Amino acid sequence: MAVMKDLIKQRSTQIEKPKLESNSILRQAFLLLLFYLSMGVVIYSFNRDNFSGIETHPVADALYFCIVTMCTIGYGDIAPTTPATKVFACVFVLVGFGFIDILLSGVVNYVLDLQENMILTSVNQVGINHKAKNYIYDAEKGRMRIRMKVGLALGVVILCIGTGTMILYFVEKLDWVDSVYLSVMSVTTVGYGDRAFKTMAGRLFAAAWLLVSTLAVARAFLYLAEARIDKRHRRITNWVLHREITVEDLLAADVNNNGFIRLD
């Protein structure tokens, strides 16, 4: 018993770092994204007259349109006008939403795992008390507690919204309310279409910003749902462990119907 207690104590005080996503996955995601967007830019560039909207620069507009389409935002400021370009938009968004989104999720996981690694390393180095460490790290499951992951994901979302707001205010010359409004509508993929990026610098920024921010928001909502499920599981577990054993429970435990219950 003494040995088992020592092992349990040693396990509870030692924090293992989570494994990061493989670099090959990130490399594959980047190459496929680059190929996919290049194909979309080339097709758009040869059919510029078949798209409606304000033009800034051919490459910037093409990249901006492809990103907005792939992220399913759909501002409506650039839209296809012919049957051929409409078919292209349908195929582009379906294929892009399918495999590109999955690959880019690996990038978001990598960033969040990197943040988790930094926090757990700081916890080990600083040497905080056991209660605070237990609040951050779940020794039983060998990972950071879900509430901390929710906090990290929400922090990334707030950072994305704040960055988009600043660019919209200083580059697109929108007021503060419209800047926050368009930033939130963009990262949540609502995209009413009453506001959009109109400058070349703004559209180049949006091409990178929308990819990261929309996936960060999706990951944050996923963690919120996971936290809700985890809370429900803990509540059910506590109810099962603290309820009194009844005669019906003992009869149900007698699976061999011989009047005996064997505890292995």
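Note: Cβ is positioned from N, Cα and C throughout, glycine not excepted.
Annotated features in TrEMBL:
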type	residues	note
DOMAIN	32-111	domain 'Potassium channel'
DOMAIN	157-226	domain 'Potassium channel'
TRANSMEM	25-46	transmembrane segment
TRANSMEM	58-75	transmembrane segment
TRANSMEM	87-112	transmembrane segment
TRANSMEM	150-171	transmembrane segment
TRANSMEM	204-225	transmembrane segment
Quick one: mean pLDDT on the domain 'Potassium channel' (32-111)? 86
Could you give the number of helix, strand and coil residues in the domain 'Potassium channel' (157-226) as assigned by DSSP? 53 helix, 0 strand, 17 coil
